[in-house]
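Contents: one structure, followed by commentary.
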């Protein structure tokens, strides 16, 4: 599933080409993804402009002057690409937004776990109402994590992936952050010191920013809007490397399951 760096990479690729563009048409080839796509957007959006594009957690918000914003989530396998209008359709090309710069924004989602929803101006969609802190913001720091973790009797990996605490950190970046901070993913969240949480917050920010600069992590489905893969996969220390030698100490990496998620860590470096 695309995590924050992949969504941020998509945002940065789209923003220069979508801002202030007039929407000529919107074509829905499928009416339902994870949830029903609001049918009114087909008639509501043409003739209006995209004012900006932003990100909240793993959601992309395409703001318009039509009185609201499109909310897009890429789900497990979704991609957004900017294409020439004559580009042949591929299987699972569900949505086209035709723009006045002779480009079409095409949403492809083979597994259909993504979504395309609508948020009226002045309202906050229910999906966005309980989201936690943005990890690249100034408010995300070790003190914040420490305070949120008190009386939280869950593993630190589960805690770090809780979107009500911090958004956009999924299995890949939680595993990598905990490794580089030297914290076992099995450690209980409320047993970790303030000093170690401060280190963890720094590492999370550093890894996310580095992954964004590397175009995200392409494991199977993710491509940036220009069709290029992300290259952070080459930098992974633990994720997906179970039973391989630790790049740092040479010990065999361990594997377990935490909340139905495969978790890989180094028993020596994260002891």
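Placement of Cβ uses the backbone N, Cα and C atoms for every residue, glycine included.
Of the listed segments 202-236, 237-271, Swiss-Prot assigns zinc finger to 237-271.
Taking Cβ-Cβ distances under 8 Å and a sequence separation of 6 or more, the neighbours of residue 152 (DNA binding site) in its chain are 159, 188, 189, 190.
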